Amino acid sequence: MADFIRTQIFGTCFEITSRYVDLNPVGMGAFGLVCSAKDQLTDQNVAIKKIMKPFGTPVLSKRTYRELKLLKHLRHENLICLSDIFISPLEDIYFVTELLGTDLHRLLMTRPLEKQFIQYFLYQILRGLKYVHSAGVVHRDLKPSNILVNENCDLKICDFGLARIQDTQMTGYVSTRYYRAPEIMLTWQKYDVEVDIWSTGCIFAEMLEGKPLFPGKDHVHQFSIITELLGSPPEDVIHTICSENTLRFVRTLPRRERIPLASKFRNADPEAIDLMEKMLVFDPKKRITAAEALAHPYLAPYHDPSDEPVAEERFDWSFNDADLPVDTWKVMMYSEILDFHNVDIDVNGQPPQGQFEQVHAQAQAAVAQNEAARAREQEQQQQEQQ
């Protein structure tokens, strides 16, 4: 059994295995505190994220389970990679990933970026998104602080705590306001992978300008300043608004014409302007995809169709509609952690014994119960439609 060491970080107890030393706080991620550390096993620097109260409520448990499953499934050069995971004696969950030196937010705070760096960073973001979207996943919270960069300018997208299934029925208030797509504000219900493209367009503009493109003070101001630059949304987009209150608000705004982005970004390359215009489109159906953006002339110096992979299989979202108690989510997480560490058999080829065996069996039973409930629900819906 692993030895655990307790350390206080920002008044928070970090309880980690003795494998990791030299803890230093890095910052807060989505729903967790992040520290840098030294992995004595590999002699590499790593980031350790403590998930706050993973078993506090069913919602928090499900969110943690979702992030764990995503980190296990999504394996790509431009996505943060999970190297270890463990549950402490206090039942806190810790994700261990590679450590990158900084993030895009901090980089933009220090100095303007030169063209070749903007191109390379944008290329890597889109390369990662092409893979993520092909797996049937929407990140939902892309922003400069969720984009990590090392000294070689290698870039990795992190914080999949809010990521969701590609779906036409999603709940609304998720991404950081400055980078939030208009369809999230307009409909609060229906959106898909295109929200990540909008966020990327905002990040692209921020790399060019050195400051946020749409720094809204609140929800209303955010949408208003978007229309000041991009003009009023077209009628076919307005007709998709589900909320009566939102529809009334949009109708009260003065009619505005689109301002050419070239007049705002006077020093930008025309090809950069063209790509940004294809990203920052009100109608998500007309927004450029990640794969299409990679093939845009602006990214020609880096574009290589043979080295821009898609996911081998789509992510399994079968758990996503499950309404399960904390204890069930807990045993399912234990099972995922055992699977990550390949704790299926012992050194003699025998099934796991004791607690591991019990947890594994409980998790399998919980999953089977959930799948059976979903099957009954689908059967009932089919009968009602007949």
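Including glycine, each Cβ sits where the backbone N, Cα and C put it.
The domain 'Protein kinase' feature in Swiss-Prot is assigned to 20-299; the stated evidence is sequence analysis. Annotated active site, proton acceptor per Swiss-Prot: ASP141, in sequence order. The phosphothreonine feature in Swiss-Prot is assigned to THR171. Per Swiss-Prot, phosphotyrosine is recorded for TYR173, and the stated evidence type is similarity to another entry. The region 'Disordered' feature in Swiss-Prot is assigned to 349-386. According to Swiss-Prot, the compositional bias 'Low complexity' annotation covers 355-372.
The average per-residue pLDDT of the prediction over the domain 'Protein kinase' (20-299) is 89, rounded to a whole number.
Neighbour density for the residue listed as 'active site, proton acceptor': within 10 A of its CB lie 21 other CB atoms from the protein chains shown.
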